[in-house]
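Everything below concerns the one structure shown next.
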């Protein structure tokens, strides 16, 4: 009879109403890394590293770049005859120069402080070319014969368009004294040069005077140049050399030239009409008729991500360059579908990765929620409040990370002349060091935030579990797997009250107490029955053993195998 009662009690326990706390799972295979683990599969993740570009040169915020094609910056500014398409250029967003442009200084020589001039251009968006000393004004000098086969144009000798190579006229080279006053409101870029002949014969042939000089002065510049006559190997068919110089003439300032030979005079100058962020970018790409906010030598980036790994040199509103190959932020939960039935490592709070062994793919409308079963059926229901708070929290955190990191960031190349190689090497080492620090910071940030996000989800599930536990108290039994088994009947209305936090503990406490005591009584009665049976079994076994020993002894005494002596 006791066994039948026990069996009925067990059956009734199996059919008891239950409510479980759980979390969302899906078919996602996205993985993230944390401080403690690698390749953690999560339900949702967000990539914050841009790895793609369009492979084109694009307008930057609607403004076209100045693509110099086969011309260098020097060829453009001095007016190499092969660069006539750049005689007048509109506003540019950035300048593109090939690594080794064919049309540079056609007449061999050097451009003084060339790298510094390029740095100036990286803060300029528009030049306006103006004539400052007309070519026709050199009545006492030959301003037409100063051409060279090194600078051909349509098969004939020519020269730079923006400067004038002055030669003697009628066997005389009178001393030049010229001035130009900058009456413009803008700064003016002025260029001039000096010719270094191959020998003394060439010197007198071109300039008549054997000893010459060039003097240039402004309010901030005091320069005196003399030609260096020397025998040199031919470059572009020329043994002579030309050296070019430049200065920025401020408004209301004047520039004065004095020379008795070897003078390359300015005809045109460049009015700096607009200053702003620009860059000189080394690239072999072609124009792609596109628009972007961020340009690299590899192509344009159109992305809202805070990091990229495409190229360290950029112009525009760009993500920060890092050397990483993967930066993924966890936004969802650990993805542990219940069917896997395997225990994961514990998180900080141990909820998702601890006593709740698997997520629910059937719960699709929230991150956390409930599964109930009673006589009316079973089903999943998301906890909208905790889910929305979690979504808001994670979204705000991701946006905050992106906002903090996704500031305007430009990294343009710096150029150094041959005398500055040690500075260039030091600059490269510093830039590499900065990139290493940025990369380390970005990777560490992602690892820490992923750990915090997953623990945040663990904590939310634990909080939801505690919310239910505190409501039910002893009206239900904790099963240890995230579920509670009611000691009373709990219909759908009762289940809903547990979910929304309005469960009426006193209403069900009496029924729960009676059922709890009945179950406890069955257990105790069963335990007592088994104890009595155990005692009876022990006594009976001992008595049977004693009888067997006595019978064996009498039999052995009767056949002489055992001698029995009774002493009184």
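Cβ atoms here come from the backbone N, Cα and C positions, even for glycine.
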Original post:
What range among 511-531, 532-552 does Swiss-Prot record as transmembrane segment?
Top reply: 532-552
**OP:** Can you grab the distance from residue 27 (N-linked glycosylation site) over to residue 302 (N-linked glycosylation site)? Cα atoms, rounded to a whole Å.
**Re:** 30
Original post:
Among 26, 27, 39, 181, 302, all listed as glycosylation sites, which has the most CB atoms within 10 Å of its CB?
Top reply: 26
Original post:
Cα of residue 181 (N-linked glycosylation site) to Cα of residue 26 (N-linked glycosylation site): how many Å, rounded?
Top reply: 75
Original post:
Helix, strand or coil at residue 500 (N-linked glycosylation site), per DSSP?
Top reply: helix
**OP:** Compute the C-alpha separation of residue 500 (N-linked glycosylation site) from residue 302 (N-linked glycosylation site), stating it in Å without decimals.
**Re:** 45
**OP:** Return one of helix, strand or coil for residue 302 (N-linked glycosylation site), based on DSSP.
**Re:** coil
